[in-house]
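Novice: Pulled these features from Swiss-Prot for this protein:
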{"type": "DOMAIN", "residues": "20-299", "note": "domain 'Protein kinase'"}
{"type": "BINDING", "residues": "V26, G27, M28, G29, A30, F31, G32, L33, V34, K49", "note": "ATP binding site"}
{"type": "ACT_SITE", "residues": "D141", "note": "active site, proton acceptor"}
{"type": "MOD_RES", "residues": "T171", "note": "phosphothreonine"}
{"type": "MOD_RES", "residues": "Y173", "note": "phosphotyrosine"}
Amino acid sequence: MAEFVRAQIFGTTFEITSRYSDLQPVGMGAFGLVCSAKDQLTSQNVAIKKIMKPFSTPVLAKRTYRELKLLKHLKHENVISLSDIFISPLEDIYFVTELLGTDLHRLLTSRPLEKQFIQYFLYQIMRGLKYVHSAGVVHRDLKPSNILVNENCDLKICDFGLARIQDPQMTGYVSTRYYRAPEIMLTWQKYDVEVDIWSAGCIFAEMLEGKPLFPGKDHVNQFSIITELLGTPPDDVINTIASENTLRFVKSLPMRERQPLKNKFKNADPTAIDLLERMLVFDPKKRITATEALAHEYLAPYHDPTDEPTAELKFDWSFNDADLPVDTWKIMMYSEILDYHNVEAASVGEMENQQQYLAQ
């Protein structure tokens with residue numbers, strides 16, 4: 001039977017197995033608290049994320065299940081990987097992943113990035129997105145704080161599956177807004193992998209400039225700032241707007257011409273400007289893909305078609321439209337965790353009694 005150790009972090013109880021020691025707070029996200037720790041089994045430093053109240057509502061249970069499924073499925077050098085998962089006696093869920101020293105947000109706020117680092121970071125972001133998109137997954141919330149970096153400049157994308165389309169009035173998503181694709185703001189309907197390319201373009205611009213490209217105060221201001229640089233959206237984009245209020249707002253904006261990005265990024269390499277122009281396109285269908293971006297001249301120093309893999313299998317989203325009670329999500333979650341630990345549960349009852357095993 002596994003032994004659990006309790007610690008108070010930011011007023012939150014961390015209840016972990018004795019396999020992990022030296023807990024230190026790393027950051028607080030919207031849905032969980034992250035600590036660094038030492039894995040006694042491997043002698044590696046790891047990140048442990050406690051999911052807050054995973055079974056308190058069906059929405060939270062589903063979100064946790066989605067993140068678990070995605071972490072299990074996505075296996076790529078530029079995507080964060082799961083090294084352990086367990087459920088504590090208090091029924092909190094803990095994800096254990098590799099620990100990277102910092103994130104792109106911290107790097108960008110501490111010093112300007114040199115050209116070769118910008119190039120290498122963007123290459124790794126696009127390499128990761130090529131894989132993720134080939135698995136049929138859209139990140140939806142790509143931003144500098146979701147891009148982890150270690151001392152060797154290895155980069156990994158994290159926080160998959162948590163971000164959903166949020167209520168425009170919802171607070172606490174200010175930083176997310178800066179990187180949000182216009183089709184999400186304009187239509188709030190079906191969107192696809194192109195939203196991640198837009199976000200990556202905003203991050204690329206921020207690496208070049210040292211500050212956010214579109215720092216909107218709210219969604220209205222955000223969209224207005226975008227049009228100041230990229231001009232008025234074309235008619236085929238405007239025609240996709242379903243909301244009359246949104247349509248009225250867009251049509252009320254003054255007609256604007258797209259500004260050449262070379263005028264804004266005066267010190268950037270012309271090939272960097274060309275790639276950025278192809279990423280920041282209003283019409284998602286005309287936006288460059290991750291695969292195409294990897295083959296762009298700007299990323300030529302790192303591009304290797306033989307070492308930019310795609311996913312072997314598409315991610316199974318069949319659960320995503322399910323409207324299930326908490327207890328059902330809990331059983332499904334236990335099943336996934338047991339599968340991760342290569343344990344077969346003979347029955348649902350046995351699944352629910354496996355918590356002590358799962359923590360070992």
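Glycine residues also receive a Cβ, built from the backbone N, Cα and C atoms like all the rest.
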Novice: Where V26 (ATP binding site) and the residue listed as 'active site, proton acceptor' are concerned, what is their Cα separation in Å, rounded?
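Specialist: Distance (Cα to Cα, whole Å): 20 Å.
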Novice: Hey, how far is G32 (ATP binding site) from D141 (active site, proton acceptor), Cα to Cα, in Å?
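Specialist: So the Cα of D141 (active site, proton acceptor) lies 16 Å away from that of G32 (ATP binding site).
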Novice: Give, as a single whole number between 0 and 100, the mean pLDDT over the domain 'Protein kinase' (20-299).
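Specialist: Mean pLDDT across the domain 'Protein kinase' (20-299) comes out at 89.
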Novice: Where does the residue listed as 'active site, proton acceptor' sit in DSSP terms: helix, strand, or coil?
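Specialist: Note: the residue listed as 'active site, proton acceptor' is coil by DSSP, not helix or strand.
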Novice: Provide, as an integer number of angstrom, the distance between the C-alpha atoms of V34 (ATP binding site) and D141 (active site, proton acceptor).
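Specialist: Just about 18 Å between their Cα atoms.
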Novice: Rounded to the nearest Å, what's the C-alpha distance separating M28 (ATP binding site) and the residue listed as 'active site, proton acceptor'? Just drop the number here, would you?
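Specialist: About 16 Å separate the Cα atoms of these two residues.
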Novice: Tell me which of the binding-site residues M28, V34 sits in the most Cβ-dense spot, judged by other Cβ atoms within 10 Å.
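Specialist: Counting Cβ neighbours within 10 Å, the top one is V34.
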Novice: Note down the number of other Cβ atoms within 10 Å of the Cβ of V26 (ATP binding site), including every protein chain shown.
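Specialist: Excluding its own Cβ, the number within 10 Å is 17.
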Novice: Taking the Cβ of G32 (ATP binding site) as centre, how many other Cβ atoms lie within 10 Å?
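Specialist: Looking across every protein chain shown, the total is 23.
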